[in-house]
Each structure stands twice: as C-alpha cells, then as structure tokens.
Amino acid sequence: MGDVVQMHFSTVDYVIFVVLLVASAGIGLYYAFSGGCQRTTQEFLLADRSMRCLPVSLSLLATFQSAVAILGAPAEIYTHGTQYWFLGCSYFLGLLIPAHIFIPVFYRLHLSSTYQYLELRFSKSVRICGTVTFIFQMVSLTGFDLWGAVLAMGLVCTLYTALGGLKAVIWTDVFQTIVMFAGQLAVIIVGTHQAGGIAEVWKKAQNGSRISGLDLNPDPLERHTFWTLGVGGVFLMLALYGVNQAQVQRYLSSRTEKEAIMSCYVVFPCQQIVLTMGCLMGLVMYARYGEESPLDQGYVKSNDQMVLYFVMDVLQDLPGLPGLFVACLFSGALSTISSAFNSLATVTMEDLIKPHVSPMTEARATLLSKMLALGYGLVCLAMAYIASLMGSVLQAALSIFGMVGGPLLGLFCLGMFFPWANSTGALVGLLSGLVMAFWIGIGSFLSRMSASAPPVINATVIPDVGNMTTAVMTTLITSKPRFQALYSLSYMWYSAHNSATVVVVGLLVSFLTGKVFPNKSNTLRLKFFLMLMNCL
C-alpha cells in the first residue's frame with residue numbers, strides 16, 4: 001500500500017467546501033426574507049403546502065439515507081461483500097405501501113404532525129407518548145460523529161433551518177443531493193480508472209469473495225441474507241417513509257395528494273442509484289487495497305473512516321476533488337440534521353405546546369417554532385460526541401431506527417388496521433415494544449462485548465459491593481446470556497420484531513380491557529376506516 005497518505009486539503013478543496021456552506025446558508029436566508037418571510041407556522045413548518053414532486057422526492061432521498069449510505073455502504077461492501085445490495089429489494093414495497101396507505105390518510109386529515117392522528121384515533125396520552133418517542137429517536141440519530149467537523153457544519157444547518165423553515169430545508173436538500181451524487185461519482189470514476197477499469201475491479205472482487213450470490217438462508221440470526229434485507233428491510237422502510245415525521249412532513253408540504261404520492265415513486269429509482277453507487281465504491285476500495293485494509297494497517301481507527309482515507313488516497317493528485325467529496329459527505333450530514341431540527345420543532349409545537357397552552361397569536365407561534373428549531377439544533381449537535389463512542393455508522397443508524405422506529409410503526413398500524421384496538425392497548429403495546437427493543441438492543445451490545453472480552457472472572461469470587469455498577473456490568477458481560485438467540489437477532493429484523501410486539505400486545509390488552517374506542521363516537525370510527533379503505 002505504500003506510505004501513509006497525508007490527508008491535506010489544497011486551497012481549491014477549501015474553496016469548494018466553503019462554497020457548500022455559503023450556498024446552504026444562502027438558500028436559508030433567501031427563504032427567510034422572501035415570499036411570506038416565514039411569518040406563519042403553516043409556511044415555516046409546511047412550506048405553505050406549495051412544494052412540487054421533484055424537490056420533495058430529492059429531499060426525501062437526502063433526509064436519512066444519504067449520510068448513512070455515503071459512510072456505511074462502501075465500508076460494508078469492502079468488509080462483507082455485496083450481500084447488502086439486496087436491501088434494494090425492500091425499497092419497492094417499502095415505498096409502495098406508504099404511497100397508497102399512509103400518505104393518503106395523513107394528507108386527507110390535513111395534519112401538521114403525524115402524532116395528531118394518534119389523538120384522533122386513540123387519545124391525547126397516546127399522542128404525547130408517540131411524540132416523546134419520536135423526539136428521542138431523532139435526537140439520537142442526528143448525533144452520528146463525522147470526524148468532529150459536523151459541529152461547525154451543524155451551526156450553519158441550524159441557522160438556515162431556524163430562519164428559512166421547511167422550504168429552505170427542502171431546497172438545500174436538493175442542492176446537497178446534487179453535490180452528493182457528483183462527489184460519489186467523481187470518486188468511483190477516478191478510482192475505477194486507477195484500478196485498471198471496471199472489469200479489473202470486478203475480477204479482484206470475485207477473487208476476494210466479495211461478490212455475493214443470493215443467500216436464501218431463512219435463519220433470522222444471520223446478519224445479512226436475502227430475507228433479512230429484502231423482507232426485514234421492508235419494515236425498516238415503512239418506519240422511515242411511512243410514519244416518520246421528518247418524511248411525512250415533506251409529503252404534507254406537497255401541493256396535492258397526487259404529487260405527494262408521486263414523490264414516493266420518484267424516490268424509488270433514486271434510492272437504487274444511491275445504493276448501487278455505495279456498492280461500487282466499496283468494490284473499488286477492495287480493488288485498491290485487497291485484504292490489506294487501511295484499518296488493518298493502522299491508518300484509520302474504524303471501518304467507516306476507511307471511506308475518507310480511500311477518497312484522499314485516490315484523489316490526492318487532483319486538487320478540488322477531495323473537497324468535492326468531503327462537501328458531498330457533509331451534505332449528507334446536513335440533510336439529515338436539518339430534517340431532524342424542523343420535524344422536532346413541528347411535533348413539539350403541535351403535540352406538546354399548542355394543546356396545552358392558551359391560544360397564541362400566529363406571530364408568537366412562529367417565533368416559538370423558530371426558537372425550538374434552534375434549540376434542537378444545539379441539542380442534536382451535542383449528541384455528536386456520544387455517537388463517536390458507537391461502532392459502525394451503518395449498523396448503528398439502522399439499529400437505532402429499528403429499535404425506536406419499529407414500535408412507532410407498530411403503533412400506527414395498530415390504529416389504522418385494527419378497529420377494535422383502544423387507547424389502553426396502544427399505550428401498553430408501545431411501552432412493551434420499546435422495552436423489547438432496548439432489551440434486545442442492549443443485550444446484543446453486551447453480548448458482543450462478552451464475545452470480544454477474555455473470560456477472567458472466577459465465579460466463586462464475590463464482587464466488591466463498594467462498586468455495585470462495576471459488579472453488575474461484570475456479571476452481565478461475563479455470564480452466558482440465557483437469551484443468546486434473541487440477542488443474536490439480525491439488526492435488520494429489529495423494526496419488524498418490535499412493531500409486531502406493539503400490535504400483538506396492543507390487541508391482547510384491548511381484548512382484555514374490552515373497551516373499544518373509549519369516548520369516540522361510531523361516526524368518527526367509521527370515518528377513519530372508510531378513509532383507509534378508500535386508500536387501498
């Protein structure tokens with residue numbers, strides 16, 4: 001591999017990087033002082049429901065998958081092979097179902113927050129629980145460490161989100177998506193050329209057993225198979241594109257219901273392109289380094305850092321291109337973070353403040369929404385440090401989303417598809433889903449720690465009770481888990497397993513309590529289910 005690559009930017013690289021920051025901030029400032037100047041919550045939070053299909057689609061694409069795909073997918077392919085590509089099989093149903101079930105219901109109810117549905121269907125307490133769960137999910141997700149520089153980028157992101165509202169977020173997403181495609185494409189083209197062409201890349205990947213066939217192993221404990229990716233991934237996509245506030249808010253900003261539905265269809269090929277580009281980059285990385293990875297050589301500290309190392313290695317003699325890719329990388333971060341800020345401000349205002357505060361003027365509500373976006377921006381940026389302690393960005397992102405997004409998906413499915421489910425069942429079901437989610441997630445983490453740590457504990461030795469925390473953690477880590485199979489469940493099944501837990505427990509409790517739709521009229525109940533049937 002040669003000497004360690006000195007990763008230094010040229011002047012051109014810095015210029016390109018700064019241009020991204022300035023352009024993103026400029027879009028936010030433009031929408032802050034144009035049109036209605038973001039004077040109403042309708043304009044600030046929902047872009048006055050005036051957006052067309054294409055910008056909404058690109059924004060949907062950029063919102064979450066971008067940062068994860070840029071960092072995690074190439075490292076995943078380099079390390080484990082192309083099996084991950086079969087996740088693309090889940091995109092079809094994962095986008096088709098939201099387009100024809102979830103979007104029409106939310107759009108026709110004229111909601112600002114998806115959790116308003118939970119109050120209409122169940123009760124105010126269910127709505128609050130759903131909102132708090134979402135807030136935890138998004139604050140956690142936006143904290144992924146991107147080598148520290150995300151903090152500076154996040155301040156710019158906070159500025160344009162707090163000033164320009166959802167319209168600024170969507171249009172910056174469009175700009176950032178273009179930058180992301182350009183950056184990834186530049187690396188793939190140059191890297192392939194240096195490796196001797198696409199045929200040589202494919203040959204080296206085959207020789208290194210990185211080209212995976214169709215693995216039909218039905219074992220849910222296997223990390224990646226066709227079933228975990230193609231079927232388990234559907235539930236992950238439903239949690240993301242069906243009921244997640246950050247995505248639903250974009251659907252609701254569309255001019256018409258038809259354009260909202262079309263945006264889902266446009267996202268499908270775009271997602272396939274993003275996935276394929278990530279896979280190609282991983283194969284080019286393998287063609288360059290083979291089994292002597294930068295991680296094994298000690299040049300980087302984690303798999304995810306290999307992508308940046310690879311980029312600087314490949315593009316070091318081409319001034320401007322490293323800056324383009326790093327701008328691409330942070331565009332992914334910006335799109336994720338800005339979406340979280342705006343959606344968090346929306347649910348807090350609509351679900352936690354407005355229902356409990358005496359009627360406030362539109363100007364005051366808009367100002368408070370902007371302050372919430374700013375506040376959440378600072379909180380989410382603080383999470384970057386915590387996220388730096390996690391492992392793989394790809395697995396960490398999808399695991400957290402499955403752990404928290406799965407129960408939320410189950411809660412909405414319980415309300416939409418089961419007319420006999422009641423508020424008590426919904427609350428107990430959601431709580432059970434979250435307990436199950438964190439039990440499996442934390443158990444899996446401790447199980448991996450146990451597998452990597454040498455067994456040094458003598459069972460006859462009584463731990464020092466003076467440090468009870470150490471004693472408990474030692475016992476957990478070194479003892480053989482009773483539920484090893486459960487802890488070994490593929491993270492791609494988290495969303496399906498946890499949503500199913502919510503539905504099953506919710507239905508059981510509803511039957512036991514025997515109260516169907518308490519304090520809800522039959523007319524309202526009939527309205528919800530006729531609306532759902534019309535969507536099918």
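Quick reminder: no glycine exception, Cβ is built from N, Cα and C everywhere.
Curation does not apply to TrEMBL; its annotations are automatic.
Per TrEMBL, these features apply:
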- 14-33: transmembrane segment (TRANSMEM)
- 84-107: transmembrane segment (TRANSMEM)
- 128-144: transmembrane segment (TRANSMEM)
- 150-170: transmembrane segment (TRANSMEM)
- 177-196: transmembrane segment (TRANSMEM)
- 224-243: transmembrane segment (TRANSMEM)
- 264-287: transmembrane segment (TRANSMEM)
- 324-347: transmembrane segment (TRANSMEM)
- 367-387: transmembrane segment (TRANSMEM)
- 393-418: transmembrane segment (TRANSMEM)
- 425-446: transmembrane segment (TRANSMEM)
- 491-517: transmembrane segment (TRANSMEM)
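Within its own chain, the transmembrane segment (177-196) has Cβ neighbours under 8 Å at 20, 58-59, 61-62, 66, 70, 204, 273, 277-278, 280-281, 284-285, 287-288, 310-311, 314-315, 318, 321, 324-329, 331-332, 335, counting only residues six or more beyond its boundaries. Long-range neighbours of the transmembrane segment (84-107) within the same chain, counting only residues 6 or more positions beyond its ends whose Cβ lies under 8 Å from a Cβ of the stretch, are 73, 76-77, 114, 117, 212, 214, 224, 226, 229-234, 236-238, 240-243, 248, 251-252, 254, 257, 260-261, 264-265, 267-268, 271-272, 275-276, 279, 412, 416, 531-532, 534-536. For the transmembrane segment (264-287), same-chain residues at least 6 beyond its ends with a Cβ under 8 Å from one of its own Cβ atoms are 53-54, 57-58, 60-61, 65-66, 69-70, 72-78, 82, 84-85, 87-88, 91-92, 95-96, 98-99, 103, 181, 184-185, 187-188, 191-192, 195-196, 200-202, 204-205, 208, 210, 241, 251, 306-307, 310.
Using a Cβ-Cβ cut-off under 8 Å and counting only residues 6 or more beyond its ends in the same chain, the transmembrane segment (491-517) has close neighbours at 220, 223-224, 228-229, 231-236, 238-239, 395, 398-399, 401-403, 405-407, 409-411, 413-414, 418-422, 424-426, 428-430, 432-434, 436-437, 440-441, 444, 524-525.
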